[in-house]
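J.: Before we start, here is the structure in question, set down as structure tokens.
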Amino acid sequence: MKIDILSLFPEMFGPLTESIVGKAVEKDILDIEVTNFRDFTTNKQNHVDDYPYGGGAGMLLQAQPIYDALDNIEEKNGNLGRVILLDPAGRKFDQSVAEELSKEDHLTFICGHYEGYDERIRAKVTDEISLGDFVLTGGELGAMVVIDATVRLLPDVLGNNESASGDSFSMGLLEYPQYTRPSNFRGMEVPEVLLSGNHQKIAEWRKKESLRRTYQRRPDLLEEYEFSDKEKEWLREFERDKDVKIHGKG
């Protein structure tokens, strides 16, 4: 995969070399390049922003340096791939979006600053992505989150290919509780089933606990989840347990 990033602060992406992304680069699974689009300004002051027409607070990123930087990337690579604009008004980023992006050969991220963008920049964009209902100073942190979540899904990036498939959200549910040695720590014991060596029972326990955790913490994820008969039975059990606790408090 090739990832291009347009940013006014390329040094902010240094930490990526210390992470899973860095390992992907070392393995030649990923080629990542950061371009400072200030280098493509045509004014003497090297300004990349200007006041908005019609008045208003703040400054807007100009279209010209972004367009010229994108043209340069396209000339070098033959294409831009999917061009992603980090924007609070964009599509909310989640695991399904990461999985979608991980199937692409080329991604280009535009990281903005200031009050916003000249609207004409959006004409070059294929995807607008938001991390949530909040505003960051710039798009760099958002881009790093999207890149990390996407790159770890590429084949052979993680040491164990099952690591990504077993993550929270990958199966539509939160991840089940996990334990390591010792089996008893300050009176807190590892569930006996995990010590049994019975892989079928362990798999069933994990599935049930994954569903339980999702039911308790992120019930919204279950709205589009397709339940098996066994899972429906577990849900009824969770409901009964919930009712008992509520009435017990009363």
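Cβ from N, Cα, C; glycine included.
Just lifted these from Swiss-Prot, have a look:
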- Gly112, Leu131, Gly132, Asp133, Phe134, Val135, Leu136: S-adenosyl-L-methionine binding site (BINDING)
J.: If you count other Cβ atoms within 10 Å of each one's Cβ, which of the binding-site residues Gly112, Gly132 has the most?
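T.: Within the set of binding-site residues, the most crowded position is Gly112.
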J.: Cβ distance under 8 Å to Leu136 (S-adenosyl-L-methionine binding site), same chain, sequence separation 6 or more: which residues?
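T.: Gly142 - these are the non-local Cβ neighbours of Leu136 (S-adenosyl-L-methionine binding site), listed in sequence order.
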J.: Around the C-beta of Val135 (S-adenosyl-L-methionine binding site), how many further C-beta atoms are within 10 angstroms, looking at every protein chain?
T.: 8
J.: Within 10 Å of the Cβ of Leu131 (S-adenosyl-L-methionine binding site), how many other Cβ atoms can you find? Include all protein chains, please.
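T.: So the Cβ neighbour count for Leu131 (S-adenosyl-L-methionine binding site) comes to 18.
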J.: For a quick check of packing: other C-beta atoms within 10 Å of the C-beta of Asp133 (S-adenosyl-L-methionine binding site), how many?
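T.: That number is 7.
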J.: Taking 10 A as the limit, how many CB atoms besides its own sit near the CB of Phe134 (S-adenosyl-L-methionine binding site)?
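T.: I get 7 for this one.
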